[in-house]
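Student: First the structure, which I've put down as structure tokens, then a few questions once you've had a look.
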Amino acid sequence: MEKWSLMAMAVLLALTVRWAVSLGSYSGAGKPPMYGDYEAQRHWQEITYNLPIRQWYFNTSDNNLLYWGLDYPPLTAYHSFVCAYIAKLINPDWVALHTSRGHESQPHKLFMRTTVFVADLLVYIPAVILYCFSLKETSAKKKASTCALCILLYPGLILIDHGHFQYPLSLGLALWAVLCLSHDWDLLGSMAFCLALNYKQMELYHSLPFFCYLLGKCFKKGLKGKGLVLLAKLAGTVLVSFAACWLPFGTDVEQIMQVLRRLFPIDRGLFEACMFSSPTHCPDKVANIWCSLSVLIKIKNVISPRTQLKLSFAVTFLSLLPACIKLTVQPSLRGFKFALVSCALSFFLFSFQVHEKSILLVSVPVCLIINEIPFMATWFLLVSTFSLLPLLLKDELLLPYAVTTPAFLAVCLASFSILEKTSAEDLQLKAFSLSLKGYVSWFKSFPRIVRSLFLLSLSLMGVLSVLSAAVPPPPRLPDLFPLAVAVVSCLHFLLFLVYFNVVILWDSKNRGQKKIS
């Protein structure tokens, strides 16, 4: 009973923080004509409830795609329809066709915030709880509650879901998929990930680790025996899952092609993650390599959109290739979780049309390994939250950011004593250090160097946060602080990418892993 009491307290605290953040502003509040992501979600409810399915993704007189047109897969649309059905029962004005555009009221805000809470309670939070209880590395169940508390208090996800406004369903479903694979429920895990991918196409960030891990398991079992059977079952599960999600659109090829065009609008260019460059959205200030390089080289003025696509694909593919090969050849649950981080980070840094919120696709897998590398995981999660600062400032979420971020750091310090976990062995770099000539003298001071870099990083992020919030930029450089945040975050992420790949490639022990047979 004690373990459940501790877990209940952790969940209650996490819910309280979410509720407090939800009381504040949201994306685009009171900022016509486009408003923000809050209005996008409301508008999708309006469209899905009032229009037939065949019109959801097409530009018509009743569905202007230039005004927050649907650009997510079918499960997002179905979820919007369910929310709209409930909204209609409460107040039909909330989803009335045309006349509800830009609707803002306290009752409606309460309704929308509640839908996010329900998604959290039904999908994301249960997956976190069960995952933490399933960890083999935890020596005591008390550790499970502290691990869950740290994950559930990660400020980036709270500020985006319950502040800015979005649903945690795709990340929650992906987490369920990881949980299923950790129990060798491969078919259920595949189905859960297919649902995640059919809710948001950005789950492609995680697709290669899932594919390589399961393919590696099939190879280990032998493709002339059990492995072939498993491969056939997995292929069937994927096909059935996708067919179920796309069934209403499957009767017309043009319907499918239009949905795909909405999901992957490659003609927008390398930087345009969103069609709109409104006051609530700043697509060119993302902490990835292309936006950082654009400070020096205006890539979109030099290279055509098609060439940009090919370049980003090539760099992304090369950056994630080592981790994927290692995972396929030596499939292990531990390697799978680290590959989720590495591959998602490669996508974020180098891929096409990246939104600043996409860093959450890296952060949630990092949360899954916070018990293994608490120091580096905490550091990464703090940087990822900092990278969202320009977006949070636009949404007037400075106060929640200033409270939740130090609170998260304090919880991690208390739960894992992270400043004492900086040795090469604690950072999973022992094998790498042994492969370096002359490592003995250098690695003696390694913990001190790492702690110093961490404190320097915190200081830099703190100073930039204060400057961004309190100091007006020079008139000639209005984007100075957002660019500084993006570049500093990008440099951090590049170093983290190297670190995670080193851990993956030099890990030959696969400690604590069940033998795949």
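Positions of Cβ are set from backbone N, Cα and C atoms, glycine also.
Straight out of TrEMBL:
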type     : residues : note
SIGNAL   : 1-24     : signal peptide
TRANSMEM : 110-133  : transmembrane segment
TRANSMEM : 145-167  : transmembrane segment
TRANSMEM : 173-197  : transmembrane segment
TRANSMEM : 227-249  : transmembrane segment
TRANSMEM : 335-352  : transmembrane segment
TRANSMEM : 359-386  : transmembrane segment
TRANSMEM : 398-419  : transmembrane segment
TRANSMEM : 453-471  : transmembrane segment
TRANSMEM : 483-506  : transmembrane segment
Student: Counting only residues 6+ away from its ends, which parts of the chain sit with a Cβ under 8 Å from the transmembrane segment (110-133)?
Tutor: 3, 7, 11, 14-15, 18-19, 22, 38, 41-42, 83, 86-87, 90, 94, 141, 144-145, 147-148, 151-152, 161-162, 165-169, 171-173, 175-176, 178-179, 182, 368
Student: So what's near the transmembrane segment (145-167) in sequence-distant terms, Cβ-Cβ under 8 Å and 6+ beyond its ends?
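Tutor: Distant Cβ neighbours of the transmembrane segment (145-167) are 3, 6-7, 9-11, 13-14, 17-19, 21-22, 24-27, 36-38, 41, 79, 112-113, 115-117, 119-120, 125, 128-129, 132, 135, 138, 357, 359-360, 363-364, 367-368, 370-371, 378, 381, 384-385, 388, 391-392, 395, 397, 400-401, 404-405, 407-408, 411-412, 415-416.
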Student: Counting only residues 6 or more past its boundaries, what in the same chain has a CB within less than 8 Å of a CB in the transmembrane segment (359-386)?
Tutor: 131, 135, 137-138, 143, 147, 150-151, 154-157, 159-160, 171, 174-175, 178, 202-203, 205-206, 287, 334, 337-338, 340-341, 344-345, 347-348, 401, 405, 408-409, 412, 415-416, 418-419, 421-422, 426-428, 450, 454, 457-458, 461, 464-465, 485, 488-489, 492-493, 496, 499, 503
Student: Can you find at least 3 Cβ pairs under 8 Å between the transmembrane segment (483-506) and the transmembrane segment (227-249), where each pair is 6 or more residues apart in sequence?
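Tutor: Contact criterion not met.
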Student: Residues sitting near the transmembrane segment (398-419): Cβ under 8 Å, six or more positions beyond its termini, same chain?
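Tutor: Result: 17, 20-21, 24, 146-147, 149-150, 153-155, 158-159, 163, 370-371, 374-375, 378, 381-382, 385-386, 389, 392, 451, 454, 458, 465, 469.
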Student: In terms of Cβ proximity under 8 Å, which residues at least six beyond the ends of the transmembrane segment (335-352) contact it?
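Tutor: Here the qualifying positions are 178, 181, 204-206, 208-209, 212-213, 266, 270, 288-290, 308-309, 312-313, 315-316, 319-320, 323-324, 326-327, 358-359, 361-362, 365-366, 368-369, 490, 493-494, 496-497, 500-501, 503-504, 507, 510.
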Student: Quickly jot the same-chain residues contacting the transmembrane segment (173-197) by Cβ under 8 Å, restricted to those at least six beyond its ends, or write none.
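Tutor: 73, 75, 123-124, 127-128, 130-131, 134, 203-204, 206-207, 210, 213-214, 217, 230, 233-234, 237-238, 241-242, 245, 333, 336-337, 340, 364, 368, 514.
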